[in-house]
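Asker: In case it helps, Swiss-Prot gives these features for our protein:
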- 1-37: signal peptide (SIGNAL)
- 156-176: transmembrane segment (TRANSMEM)
- 180-200: transmembrane segment (TRANSMEM)
- N247: N-linked glycosylation site (CARBOHYD)
- 248-253: motif 'HXXXXD motif' (MOTIF)
- N327: N-linked glycosylation site (CARBOHYD)
- N328: N-linked glycosylation site (CARBOHYD)
- N362: N-linked glycosylation site (CARBOHYD)
Amino acid sequence: MFLLLPFDSLIVNLLGISLTVLFTLLLVFIIVPAIFGVSFGIRKLYMKTLLKIFAWATLRMERGAKEKNHQLYKPYTNGIIAKDPTSLEEEIKEIRRSGSSKALDNTPEFELSDIFYFCRKGMETIMDDEVTKRFSAEELESWNLLSRTNYNFQYISLRLTVLWGLGVLIRYCFLLPLRIALAFTGISLLVVGTTVVGYLPNGRFKEFMSKHVHLMCYRICVRALTAIITYHDRENRPRNGGICVANHTSPIDVIILASDGYYAMVGQVHGGLMGVIQRAMVKACPHVWFERSEVKDRHLVAKRLTEHVQDKSKLPILIFPEGTCINNTSVMMFKKGSFEIGATVYPVAIKYDPQFGDAFWNSSKYGMVTYLLRMMTSWAIVCSVWYLPPMTREADEDAVQFANRVKSAIARQGGLVDLLWDGGLKREKVKDTFKEEQQKLYSKMIVGNHKDRSRS
């Protein structure tokens, strides 16, 4: 039998005591408050401390740049080209006006100078494409001590380097193990809890247990990301029989919203860890998972959504109509399907603060586990959630117009750019219809001029 030396025995005892104390602190200050939705304000104090450190780091970099007579790089959040919201016809008329002394009424159907408009638009798109840059991480104006990829790294002083090294130790040696423990706890409880609840007979007790299992697990997962969430206008929270639509940045959007409400969810089938969670959740709650590539699945989803919203006793449905993750600088085209079924729509705007950590999931670059590890090694996830007043489809509106109206309201409230482009361009080539649209607009302008002159 192997015997421990006194010194080894002391180390084992100290390790056991340390783990017991750590687990007790974890239980008392994080897990139990998460279960009951209580906060001690530790995360907000942590956020305020980080803001002071970031401000000091920015001042140090500015001072270093001034000493070397350099100018700090400032990213252009709205693009590098100033663009006014003008139509094709107005811009072509402006080019004709500046290049010809003739009156516009006497101009022919086509002028050679019109070519310059299309050449300029092509060059602008190459230099500053407003679509594809929505599928990459948002640039920061100042360094957030997460990496040395900031353009101003050459102005980092010795003090900042030491601070960065200390930050790495804190994030990887303290925060990461703590967050992994919390995430494992939350996900395990969610999978086990929803599986057990799924065996209960349908009724109020099953609904009660399902609701509280979901809320408890999502709140623990929120703590695993050190998420600091501010909810606004909670009186507008989605109600039964309605549809909750929100802009989509990341899979953690679900955790952010579901930690403050109970939803039936609609989403694409995933594999891996996400697939395990989806299969467990659907046992306890009527979530709808579908395969995007299957046409019959889409028709089935539309039918199930219609049946769901007709029953006012059923949970509100949570949908992300963009259909893909956008980097939280804009809102892209909403798919019209969820706006065709005639239900009350509850818009929700979600805005993340990128200086604490980039919440955007670039699914073409990172898998789910890799993405979660990136989140858990960031400083925190800080975001604001606005519940907007419910909206209904007007008599003279079609589904596309209604979807655009809801999208505009979300973009306006969240301070996001409202784009008409389809987020599906993230995975697909530009359709010919987009190219033909510009040709149609130009042809309409030419034909219109010709008809006007024929009448005269």
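Even glycines carry a Cβ here, placed using N, Cα and C.
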Asker: Name the residues of the same chain, 6+ apart in sequence, whose Cβ is under 8 Å from the Cβ of N328 (N-linked glycosylation site)?
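Answerer: Expected: E138, N247, T249, I350, K351, Y352, P354, A359, F360, L416.
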Asker: In terms of Cβ proximity under 8 Å, which residues at least six beyond the ends of the transmembrane segment (180-200) contact it?
Answerer: 26, 30-31, 206, 209-210, 213-214, 216-218, 220-221, 223-224, 273, 276-277, 280-281, 283-285, 372, 376
Asker: What is the separation, in Å, between the Cα atoms of N327 (N-linked glycosylation site) and N362 (N-linked glycosylation site)?
Answerer: 8
Asker: Per DSSP, what is the residue count of the motif 'HXXXXD motif' (248-253) in each of helix, strand and coil?
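Answerer: For that range the per-state counts are 2 helix, 0 strand, 4 coil.
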Asker: Just to confirm my parser: what is the rounded mean pLDDT across the motif 'HXXXXD motif' (248-253)?
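Answerer: Residues in the motif 'HXXXXD motif' (248-253) carry a mean pLDDT of 91 in this prediction.
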Asker: When you measure from the Cβ of N247 (N-linked glycosylation site), how many other Cβ atoms are you left with inside 10 Å?
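Answerer: Counting Cβ neighbours of N247 (N-linked glycosylation site) within 10 Å gives 26.
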Asker: Select one residue from N327, N362: among these glycosylation sites, choose the one with the most other Cβ atoms within 10 Å of its Cβ.
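Answerer: Most Cβ neighbours within 10 Å: N327.
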